[in-house]
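K.L.:
Copied straight from Swiss-Prot:
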ACT_SITE  H75  active site
ACT_SITE  D121  active site
BINDING   Y55, G57, G59, D76  Ca(2+) binding site
DISULFID  C54-C146  disulfide bond
DISULFID  C56-C72  disulfide bond
DISULFID  C71-C127  disulfide bond
DISULFID  C78-C120  disulfide bond
DISULFID  C88-C113  disulfide bond
DISULFID  C106-C118  disulfide bond
SIGNAL    1-19  signal peptide
Amino acid sequence: MYPAHLLVLSAVCVSLLGAANIPPHPLNLINFMEMIRYTIPCEKTWGEYTNYGCYCGAGGSGRPIDALDRCCYVHDNCYGDAANIRDCNPKTQSYSYKLTKRTIICYGAAGTCARVVCDCDRTAALCFGDSEYIEGHKNIDTARFCQ
């Protein structure tokens, strides 16, 4: 093997080792993003729904500021309820679902962690699709508006 080949091979191995330390997105988050993309208007991206209002994004406090923020509030509470199911972590729980005819179908036995989490995400995604997106409610001053 030529020295140049060894150098390239070494670089590839180092790159792969570095990539192995990057934590993957939980499958649940990917599923939820796909549901949101399926239900929201084409001109919006799922990312526009993070840091919206008082509850869309990490955490939440105060009263929801509009219908869309209320979707996130209900979703947060739904995840809280799901977390009470034995061995259930809603943020990492995988589940099965189907996107069809402008709706979302969740599979699995009723009451199981997977089904409850899927239903939480389904309800929120459909709610996003039915709620008005107000540009001025993105990246609001939560210390001021969410008490």
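Cβ coordinates come from backbone N, Cα and C, glycine included.
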K.L.:
I'd like to know which of the recorded positions Y55, G57, G59, D121 sit within 10 A of C78 (disulfide bond) at the Cα level.
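P.N.:
So the list reads D121.
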K.L.:
Quick check: in three-state DSSP terms, what is G59 (Ca(2+) binding site)?
P.N.:
coil
K.L.:
Could you measure between C106 (disulfide bond) and Y55 (Ca(2+) binding site) for me? Cα positions, answer in whole angstrom.
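P.N.:
Per the Cα atoms, C106 (disulfide bond) and Y55 (Ca(2+) binding site) stand 24 Å apart.
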K.L.:
Is C113 (disulfide bond) helix, strand or coil when read with DSSP?
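P.N.:
Reduced to three states, the DSSP call for C113 (disulfide bond) is helix.
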K.L.:
Could you check the recorded positions G57, H75 and say which one's CB has the most other CB atoms within 10 Å?
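P.N.:
Ranked by Cβ atoms within 10 Å, first place goes to H75.
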